[in-house]
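Going by TrEMBL, these are the annotated features:
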- 347-356: compositional bias 'Pro residues' (COMPBIAS)
- 17-51: domain 'LRRNT' (DOMAIN)
- 294-342: domain 'LRRCT' (DOMAIN)
- 364-398: domain 'LRRNT' (DOMAIN)
- 645-691: domain 'LRRCT' (DOMAIN)
- 343-364: region 'Disordered' (REGION)
- 694-731: region 'Disordered' (REGION)
- 1-15: signal peptide (SIGNAL)
């Protein structure tokens, strides 16, 4: 009772000093300071606070000892606070904290002492930051952590022992990064891990050596990685039961690929490029294989796998893509006699000599380089090489040569590498890619030329590499898109030309890029896009033009793009938006970014044609005082209206009513008149005198009346009314 009285007394004192923009619930020891303009952590938060919600503020830096005054915190939410740096000791004193959410900030590095003092922490959410590097020891003080979420960051490499100290971690989430290199001991310090999410990265081979350290993991997500092949005994995970390799680039799987994962029960291989599989004899416990979305060739070549499915009693999901007579037939409906070869493959001529075994010399590796026969990788990164080395093994699939001062790539620079899939030439001071430079690379899919000095490209440079799908030319010296350079690349899917000095997009620049789906032009100096500039790219899905010099929406250039689902125009100096500016892509557009443009006026008919398909709309940090009617945007999942100076008079009443019905946090505040400045649009009293007020706002003028009136139906409506749900979270 003494402790209770002390808490009540402290609570009364705390109520008197609750920070001005915050709401304090002393009974539950909760403090909410949402979507405000706080620049620093308030120092008057009640000492006994257990849950502190600071979402949507602008802290930039969390200084050392920022929460020393609130030692009883158990939950801390710092989402969307523009945090860029965590100083060493930022969370010192929070020994009771079990939940910390730092998602959607701008954190780039985790230093050794950034998370010091959080020895009770169980969940750490770092999703959606810019983390590129994690210093060894950064997690060394988090001995109670069970969930670590690092999704959607900029991680490329995981060094050995990077997760040291996480002795009880059960789920590690690394999805949606750019990981393509994992240290062999990267996961060595995770004895309790049960689930690892590595999907949506740039892994080009199964990182078997690193994964072998995870004896207790039962689920592994590797989908959406450009993995082309799973080699013999590639995966040695003693407890693994669920393996997801869906939406990768798999063309082949070795018969004994999973022989060292005896507990494997479910294998997901959906949406790959597999024409078939061998009998997976080593996977004795397998119960289900998912092959939907693969171009399965149901010929005699598939019979051994089909027989194995029946003998091992494995359920298979998938359907034949060929031959035509069997197209669409499910695997489990096939009979062996139906699976014929016929004329699908010409017989081997008796005069054709059999393929000779590779000579012992094929395993040689250029001096100073490292070649991994198990993963078919070659690496000579950062060796100060002046010429591109030769004599790599002929079965090399990934070749990493970045950070060498080559300056030029001569013709026929990569002889004998017809199986090469991925080539890394970042930061090599390259000024010229000569005609024929890639000749002979018939399997090349990925080419990385980031951070070089290229200013022009000839189509002939890509001669002999027709399968190239991903081309990264970010951070070079292009002043224009090299016209016609892509006409020999019919399979080009993704083109990165970000952070160059391109001034315009002209007709013919993208000639031949008929399969292009993603075009990244962020951070250039583009002032004009010709009406026919994008005409060749009829399959384009993403167009990123953020941070250029466009003064108007390039409406004419958007015609003929029936698949465009994402358009980014953020940080362009577009001041006025006229009628029907998005009409050409209205039937397909789902994500529209119009933030940070200084936008002053949007025509009432600017969004003509847009409607339920729009899922996210970003309009924050602009200067307009009103926006068009968007009542038909019924599919919205994200709407950001922060830092827009709305004029809260009767003309804004329709918008006020609409956002009041949304079950979304949109951040809309009044910029004028003076008596409403800074108030949430939903809470402004300037609408009370408007004609028609009350027809859609029953009881809202009297909060006490609203509460009393709604009491009888509280149970029936709880959590289901969009208006009530939004009222709780604020606008």
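Every residue, even glycine, has its Cβ placed from backbone N, Cα and C.
What TrEMBL says about a protein is an automatic prediction, not a curated fact.
Residue counts for the domain 'LRRCT' (294-342) by DSSP state, with H, G and I taken as helix and E and B as strand, are 22 helix, 10 strand, 17 coil. Here the domain 'LRRNT' (364-398) has long-range neighbours at 204-206, 208-209, 228-229, 231, 234, 358, 404-407, 409-410, 413-422, 424, 443, meaning same-chain residues at least 6 beyond its ends whose C-beta is under 8 angstroms from one of its own. Mapped onto DSSP classes, the domain 'LRRNT' (17-51) shows 0 helix, 7 strand, 28 coil.
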